[in-house]
């Protein structure tokens, strides 16, 4: 029974989405992943394995963006079903939330926790704010869903062979990588290594006369671990082996991601690399610290809505606190029982307890929970506390001394990752494991549990008194209404509404606390058995989390925005530039609150092609939102911002007119600060301007040649000035060691008359290939506005002799590509074909084959041993 309640509860929470009545909304699920996964599914059904995305920027590798999950089998299955995209993305989230509950329960059972207590751990993990709200970011939800199984395999070694642990850990890591979340894999490996080092240090301390090198992930007491010389521990080997197996099983995705990341803006060295200096706004380090979890959000462990909600109306009281950043999750609540368990466990640390395996395991997971929580603080590091306590060290990075700061600066490759809040699922899972183990030991936790309930009851009483007083004295929070914080989407802060929500939340917590206290009193008086007590706690926790979860899921009515606002007016075949007037969203939104604001925001974003909504119309946007953009694109925007910042409005208009011609931009969509009342909704004012159509290919007879294709901001500024002044010649960055002496017939020539458009014929154009017939009287540069990431190849076929030859595809003007074509009549075939794809797929198939065969062997061995 306890196994199915969590999945059924999740189904109920998302019932309207799965029935096609609503669709999921807010943040990335609305404007990013819904259209993206729909586009990938459409491409996959027609092409099998899509590799290149021509609709974002000047083209990017589709598989290079890790979050696209092109190779993830669950995404393939879900989005191949005959259901709408809105139902598919909802089902995708529901399946992974069910998986999160199941894996957490399984991990708890493997750790020796009783089945009902393990079910409580599964519910508190999957329906916690840190995991449930990841429905807005599917790749991270995938990582959170598989995380308990991975940590269980890496840390808890009960009743499992080393061989089996390698298979499980390697397979799970591969699925997480394929699903788009390698970051959580790395975080889990950091935890596993840290736990191993702690156990090794403990074993060495307890056996000072021996050289201990068992980097053990074993949950057994250290006294039972085998002592070995050197660092040749089989435990360490299993950790390395599982990592290598995961790499092999997800090799195509890893190869694509490494290839694209190597030329992305995430590898740009920071101008200021001083470890202790504060990060510059917009710098890579500054972006990495975004979504740091402020320490005051620990109050959300006690009551689910400690600071009020953000949408559809702005009741978020924490925005009054200096240092409050962007919201990663509205709440980190995971049931009041977890808060009781954590408080009781901490209090119990000061009491004498019988040293046993279950106590050691609870302490271990408590350490993991605390450490992961400290990492999630991000820029709220050790120095931040000093700065706020003393007002000193203002010139030092506030994150200095914090655990995330150490990881960022001293773990190789970690500086390319971002967002400390990604550690929350690890902290949440560890807290769930502490709760499950604590429940099974309730009979030994009587005093600490009573103390914990008393502490929380006192805290709630103080909170209720404080909030009630503030409701009648709101000026105590802010004295000047003109300084009231506002959100550009959800409007000005409603302090009264926020206090009202907090008060209701405390009432909810008081009811839950009273219910738990009543059950505990029955157990402490020996009227109920532990089994019966656990079942009642399970019911209370499930109801508590269902009520909490119902308020966490943002929905809007299903259907396209055109049903509410009409056609967007955009031409799908034209490259589009998104622009804005002022802030780019209606002024009315930030000045007024509206209960329909979520519908207005989601609809406006769709008709304005915000994020990746252009993909749903198969439109092409030059400045679209992507997970990873190229270094060249980053340098382009840095240079553009610097140049236009010094221009007048008229100069800026002429500048962009020349750039649109250079980039083949054929239409502009602009979002102003006005709003239009459409069907009862205040929607953003979106206008479309169609320019003269541009050919997708151009022929040049004069160009400049260079040997380096990695631009700096100054390189781009020089190029853009030439474009603006009409003095620009295409810059060709020669590939493959090509020198002019090796191919003198491909040198640029001055031609008095340019080629006529009729001499170009485009045929068989797809996302990954295109053929062009060209007839030229002299050597030319055949240029197309498509980025060359190093994996585009070309073949020249002579229409006169029929002979073919390979031709290098060079990077042109940093953002484009081109082929040097000799005089004559040619058919030029462009094809996207990464060299690593075939060997990577072969390696991937081999890895999955190894797992399947090994799994069968392991299964037969276990059956044989059971029969014997």
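Every residue, even glycine, has its Cβ placed from backbone N, Cα and C.
What TrEMBL lists as transmembrane segment is 115-134, 140-156, 163-179, 185-201, 236-256, 332-350, 362-386, 423-439, 451-470, 502-524, 536-554, 835-859. According to TrEMBL, the feature region 'Disordered' maps to 560-582.
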Range from 362-386, 423-439, 502-524 with the greatest count of C-beta pairs under 8 A to the transmembrane segment (140-156): 423-439
Interface present between the transmembrane segment (236-256) and the transmembrane segment (835-859) (three or more C-beta pairs under 8 A): yes
Proximity verdict for the transmembrane segment (423-439) and the transmembrane segment (163-179), three or more C-beta pairs under 8 Å: no
In contact by Cβ distance (the transmembrane segment (115-134), the transmembrane segment (536-554); 3 or more pairs under 8 Å): yes
Segment-segment contact (the transmembrane segment (362-386); the transmembrane segment (185-201)) at 3 or more Cβ pairs under 8 Å: yes
Winner by Cβ pairs under 8 Å against the transmembrane segment (163-179), considering only 115-134, 236-256, 332-350: 236-256
Tertiary contacts of the transmembrane segment (332-350) (same chain, 6+ residues out, Cβ under 8 Å): 120, 123-125, 127-130, 293, 297, 300-305, 362-363, 366, 369, 424, 428, 431-432, 434-435, 438-439, 445, 448-449, 451-453, 455-456, 509, 512-513, 516, 537, 540-541, 544-545, 548
